[in-house]
Amino acid sequence: MNNNVKSPAVDESAYVAKDVERGQIKASSGELSRVLQSRHMQMIAMCGAVGSGLFVGSGSALYTGGPGSLLLGFGLVGVLLLFTMQALGEMAVIFPVEGGYFQYIVRFLDPAWGFALGWDYALGYLITLPVEITAVGITLQYWPGAANVNIGVWIAVFYVVLAVIQTFGVRGYAEVEFTLAIVKICAIVGFIILGIIIDCGGVPTQHTGYIGAKYWHNPGAFRNGFKGFCSVFVAAAFSFAGTELVGLAAAECANPAKAVPKACKQVFWRIVVIYLVSLFIVGLIVPSNSTYLLAAHGNATKYSPFVGAIKSAGIRALPSIFNAVITLSVLSVANSVTYGSSRLLHALAMQGMAPKILSRVDSKGRPIWSIFLCFAFGLLAFINEAVEGSTIFAWMLALAGLSNFFTWGSICAAHLRFRRAWGVQGRATKQLPYRATIIGSWIGLVLSILCILATFYVALFPLEGKPNAEVFFQWFLAAPFILVLYVGWVLFTRRWRIGVSSKEMDIQSGLREDVLLLNSDDQEYHGMKAILNSMLHALI
């Protein structure tokens, strides 16, 4: 923000970046380590958050919407995420600041909106951690021997495993994610090949013979009409959640100018190969009216459509192997949410939006008190030992249920506002080393709004029957919660103005001047050419 312009009755340090060096906000006790390499960033973007949302949650989406709705719904959310990551990549290259997308929303949209989304998203991460720790234990119960062990034992074991990973700082997180991402990619590619063989009737032990597109005709490509299609969006959002961690990781990347664009471009392959192709195969070989898909939600891996497809082919050992992959994937997600929540809490504290103690960084570059808070929430995993444990978690997760769509839409909106301010303050678009298209951000913003409206529709008129208040708030509680946080911050700071004007917007703090292009002959595209150029940008 312009230093000569100040809003009345508000401390600018609450929403404008503090002292920076090459985009790095410094804390008094240290700074985050810049050790992430390009290979880490690419794998985090490619497979970092692939877990039970894809392997298990897609089953319930297949049952409610059918294979056509499943593919179309995931495809639309994939397009939304593709444009979101392009916008995020442009800002992260020149502003690799702590907090990533949270910082951009605060600085380029509105401080109160950034506060509300930041805390809602952080809460979502904090609650997801104990859920995923419990999930690892549940996946182990697939095997009879492990099922005889009290789940509390498995919770304790994997709680310690995650704590050990965090002792190695961001490098420990990155190396674990890099290794597990390779495992997930190999498993998914292997499943796609096996799925094609099953569909062609090439497995000697399968009783179905040649399947082809039979299940797309009977029971059909679309189930439950438009309502069934709308219900897919929530499952898709949960499956894609975490891709934006690249924006947080940029602050700890050794060379964000090169690594971030490569990572953002990997999102295209993640969407097409890992999600759309694998789900298309699932829709071919698993009938959408299979009753076991009713239980395919949360962490019930034995009802995973991936595992079910392999079982139906009569292959004995492979279901256990794929369940092991799901177990490792859930552990990967737990590792990712630990990283994401600790860095987001640290960024909130740096902006004066959380207790100052959470901003402290130790000599090894770890936001130590933020990590402690994350693991304090991790202990909530033991609540699952209680009879009402699952109900408690369901309501806690409902507080952050829509945060993905709100965050992705806000990233696109922040990019639009940033581009406006960049021009108003005398900067040339051709200076930007990595450029997303404006129309792409508009498409991402519109798709985010449509997904929220679709979720509202399904929450108000559920598939199960008549409108129900409990069902509605479990789907849509995040919206009023975010509104309460927004109003609370406005009242606390007494900053009554909505948004930040283009002339006052802070586009200087954290700016990497050394990566800006002084001269560029690159052509600007508009309209359909802009969309095609953005798609090409995702590939090359």
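Cβ coordinates are placed from backbone N, Cα and C, and glycine is handled just like the others.
In TrEMBL, annotation is done automatically, which means it is predicted and not curated.
If you look up TrEMBL, you'll see 40-497 marked as domain 'Amino acid permease/ SLC12A'.
Under the heading transmembrane segment, TrEMBL lists 43-64 (among others).
Residues or ranges marked as transmembrane segment by TrEMBL: 70-97 (among others). Residues 17, 20, 22-25, 45, 58, 61-62, 103-104, 229, 232-233, 235-237, 239-240, 243-244, 246-247, 250-251, 253, 256-257, 260-261, 263-264, 267-268, 271-272, 275-276, 279-280, 282-283, 408, 411-412, 414-415, 418, 432-437, 440-441, 443-444, 447-448, 451, 509-512, 515-516, 534-535, 537-538 of the same chain lie 6 or more positions beyond the ends of the transmembrane segment (70-97) yet place their CB under 8 Å from a CB of it.
Among the features that TrEMBL reports, transmembrane segment is placed at 118-143 (among others).
Per TrEMBL, the feature transmembrane segment maps to 149-170 (among others).
Residues or ranges marked as transmembrane segment in TrEMBL: 182-205 (among others). With a threshold of 8 Å between CB atoms, the same-chain residues lying at least 6 positions outside the transmembrane segment (182-205) that come near it are 43, 46-47, 50, 211-212, 273-274, 277-278, 281-282, 284-285, 306, 309-310, 312-315, 318, 322, 325, 328-329, 332.
Look at TrEMBL and you will find 225-246 (among others) tagged as transmembrane segment.
Residues annotated as transmembrane segment in TrEMBL: 267-286 (among others).
Under the heading transmembrane segment, TrEMBL lists 321-346 (among others).
What TrEMBL lists as transmembrane segment is 367-386 (among others).
The feature transmembrane segment is assigned by TrEMBL to 392-416 (among others). Residues 80-81, 83-84, 87-88, 90-91, 101, 104-105, 107-109, 113, 117, 120-121, 123-124, 127-128, 130-131, 234, 237-238, 240-241, 244, 247, 380, 383-384, 386, 436, 438, 441-442, 444-445, 448-449, 451-452, 455, 473-479, 481-482 of the same chain lie 6 or more positions beyond the ends of the transmembrane segment (392-416) yet place their CB under 8 Å from a CB of it.
What TrEMBL lists as transmembrane segment is 437-460 (among others).
Long-range contacts of the transmembrane segment (472-492) within its own chain (CB-CB distance under 8 A, at least 6 residues past either end) are made by residues 111-113, 115-117, 119-120, 234, 353, 394-395, 398-403, 406, 452, 455-456, 458-460, 462. According to TrEMBL, the transmembrane segment annotation covers 472-492 (among others).
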